[in-house]
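Take a look at the structure set out below.
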Amino acid sequence: MVAHSKDTTAPGVEASIDGGTATETGRRRRPTFGDESTIATARRVVFSLSLAAAAVLTILFLPELLAQLATGWTADVGAELGIHRLHVMGIAAVVATFLLGLFAQAVRPQSRVASMWGAFSLILVVSAGTVAYGVGRPEEVLPFLALTTIALVTHPAGRGLFRRGRATSLALLALLGVAAVPLLAFAATQLPLSTNPADSHAVEGHYVMLAGLALAPLAYGIPAALGMRGARLAAWLAALPIAYYGLLSLSFPAQVGSTGVLWGVAAVGWAVAFVAVAEYSTGERTGRSRLSAARS
């Protein structure tokens, strides 16, 4: 006969089979630093602080530059900027594009992964050029690189940063392929100009920043075309700076940095086409989702 042992475990206590010890289920275990929830909370705090610090730097250093996106078109400010007019306004476009991608992470960051990659890629390129050529204002650029890197590493999406939210858009990739050759060629011609210490444009880092402007459509456009989450916003951020530059080239064809009327028109046309394809793809996908939901 088999004797049945009596369960002597006290109420509210659960026996651990594999550990052989009893643990109270009624009490909530204190979280330790190694807990997943604690680490996730710490990541969110650091992520939020990095964005807040970037916002403080923006307020301290960039209001005047960003304002010139609009005021640069006026006669008074244009006369004040002189030969640097196109460069300064183009730099403002690069900075604004970077900041939009970064600060977009303040709201629903898990759904705006593409813009996070675009912002990081853009500030990385500009920072590398600034340091490599010893031009511009590294004391203003490098802190943004550090904060953006922290935001990327502590991003709430976690491993979702490397996951796609939808299929690759071959149409957007084709448009990027068309634009890549002239954009890379333009960037390649701008960077060597930074080596002339007698050129005020070079000393101020204008050529490095203009190279960054040329690469911005690729920085944001590639994640968008690959179907990363938030592709729609990234597509707009890929198109806006190149459209703005196209308008600058059309308006100030004699300025240093202008590619002339023909390329200006091409830049604006490409930007419109890129956004149109991205919007069509988004609308088509939304329509399919609604149709599937209605059928089910």
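Backbone N, Cα and C atoms are what each Cβ position is placed from, and that goes for glycine too.
Under the heading region 'Disordered', TrEMBL lists 1-34.
Counting residues 6+ beyond its ends, the transmembrane segment (45-66) has Cβ neighbours under 8 Å at 88, 91-92, 95-96, 99, 102-103, 105-106, 109, 140, 143-144, 147-148, 150-151, 154-156 in the same chain. Taken from TrEMBL, the feature transmembrane segment covers 45-66 (among others).
Per TrEMBL, the feature transmembrane segment maps to 86-104 (among others).
The feature transmembrane segment is assigned by TrEMBL to 116-135 (among others). Only residues 6 or more beyond the boundaries of the transmembrane segment (116-135), in the same chain, are considered here, and those with a CB under 8 A from a CB of the stretch are 94, 97-99, 101-102, 105, 109, 141-142, 144-145, 148-149, 151-152, 155, 157, 161, 191, 194-195, 202-205, 207-209, 211-212, 215-216, 219-220, 223-224, 228, 234, 237-238.
Residues or ranges marked as transmembrane segment in TrEMBL: 141-158 (among others). Note on the transmembrane segment (141-158): residues 43-44, 46-47, 50-51, 53-54, 57, 98, 102, 105, 109-110, 113, 116, 119-120, 123-124, 126-127, 130-131, 229 of its chain, located 6 or more positions outside it, place their CB under 8 angstroms from a CB of the stretch.
If you look up TrEMBL, you'll see 170-193 (among others) marked as transmembrane segment.
Residues or ranges marked as transmembrane segment in TrEMBL: 205-226 (among others). Outside the transmembrane segment (205-226) by six or more residues, the chain places 84, 87-88, 90-91, 93-94, 97-98, 101, 113-115, 117-119, 121-122, 125-126, 129-130, 133, 135-137, 164, 168-169, 172-173, 175-176, 179-180, 183-184, 186-187, 190-191, 193-194, 232, 234-235, 237-239, 241-242, 245, 257, 271, 274, 278 with a CB less than 8 A from a CB of the stretch.
Residues of the same chain lying 6 or more positions beyond the ends of the transmembrane segment (233-254) and with a Cβ under 8 Å from any Cβ of it are 69, 73, 85-86, 89-90, 93-94, 96-97, 100-101, 104, 112, 114-115, 117-118, 172, 179, 183, 213, 216-221, 223-224, 260-261, 263-268, 270-272, 274-275, 278-279. Summarising the annotation, TrEMBL assigns transmembrane segment to 233-254 (among others).
For 260-280 (among others), the entry in TrEMBL reads transmembrane segment.
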